Ligand code: UGA
């Protein structure tokens, strides 16, 4: 019988007393490094491991290559305080650990399910080295049932396995870690779950203590809900265009309903990145495995695929019906602003479709320097937005970088050959563009000429 307890605040756990723990973090990528650096900032003693010797060397010297506000500062602080250390290989990190966080990649595997090879290989490496009574925590996004599987693989009755999913957005991971909406901890061993929850006690966040499968499902249910919200908004945007409405006002109108909320209601070229696409596919796969036809989630994914095509249709129409030989400038390539991450970027997907229709593409993205591997035939990357505009028939904004709003639009207009700007994020001020002599095409909005 699984136990379940929801406490209003972590201060309730251990009476608010915070004990500094010895923690190992296995995997020093985006999730592991943020987790390690933030836990060290909360006063714990953290050893982060990675398999890449160069990365370990760089991090030990305080060099952080991930574009994440506040992360370099926390790493430097942790190193200087002697609370944070980087080592090569999991086995070196776990020897003295009370809690071991698993933060290794779980990419999309065959058929859409998460690939657990990295998790399994770490478990077999550290199984016999883990101190008696330590707790293993799955932080990476892993399929429901993984805690139980890891427990079996470990074959160590003295070690509890806990699921503690992360809810970190790229570009605000440190902020999200230190200001969580909630902490979710699940395990069949209540004392181990409480020990893990207590690590975060200083953050005073609402805490959900539950069994492992529920905690594992929370992560997928959250990301899939967010994806569904975005597909819904993109569909409402399409409907707004056809019915003569304005999606910005529609979303503002629904967002004031506290049951809906204003967040995550911005239409765009579709959702992407390293998480939402992977997790929606993984949950479909998990549902299929138990013969549940998750129609809602399949429609969410299909709507997202169609959204990219809709954007291309919009661009084609703005360009007079054909894209063959048309020179287009693209503003933005990353999957969202504030990151250099191009994984599953809707911008790249749209670029690919435009190229298939014969458009000639030049792009600028503040987070991307030089050519994008694998797309050199698709898009030529240049060093600034004005270079993108030079001689182009039109501009397409694909990522919502703040600096695009404050471009000298009169200068952009003088460099452009055509006069249409397709703004797939409703990010620009249509009046500013109109005054510069440009036409604006948004998503779910009426055109401005
Ligand atoms: C997402 C979740 O938001 C995090 O809570 C979660 O922890 C993380 O995945 C993860 O699983 O690790 P992230 O992938 O960084 O975070 O990106 P989001 O900020 O969620 O954006 C996802 C996509 O939705 C982007 O392509 C973004 O441009 C798009 N989006 C977001 C919109 O089109 N409109 C919006 O209003 C918000």
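Using N, Cα and C of the backbone, Cβ positions are placed for all residues, glycine too.
The NAD(+) site recorded in TrEMBL includes 50, 55, 106, 170, 278, 343, and the single candidate from 141, 305, 313 that the record places there is 141.
Take the substrate site that TrEMBL assigns to 167, 168, 169, 170, 264, 265, 266, 267, 268, 272, 336: the candidate from 92, 219 listed for it is 219. Closest to residue 278 (NAD(+) binding site) by Cα-Cα distance, out of the binding-site residues 167, 169, 265, 267, 272, is 272. In this entry, NAD(+) is bound by 50, 55, 106, 141, 170, 278, 343, whose most widely separated C-alpha atoms sit 25 angstrom apart. Listed in sequence order, the residues of the same chain lying 6 or more apart from residue 50 (NAD(+) binding site) and placing their CB within less than 8 Å of its CB are 27, 28, 29, 32, 56, 59, 86, 88. Restricting the binding-site residues 55, 141, 265 to those with a CA within 10 Å of the CA of residue 275 (active site, nucleophile) leaves 141, listed by sequence position. Proximity of the binding-site residues (50, 55, 106, 219, 267, 343) to ligand 1: a Cβ under 6 Å from the molecule is found for none of them. Cα proximity to residue 219 (substrate binding site) (within 10 Å) is found for none of the binding-site residues 55, 106, 343.
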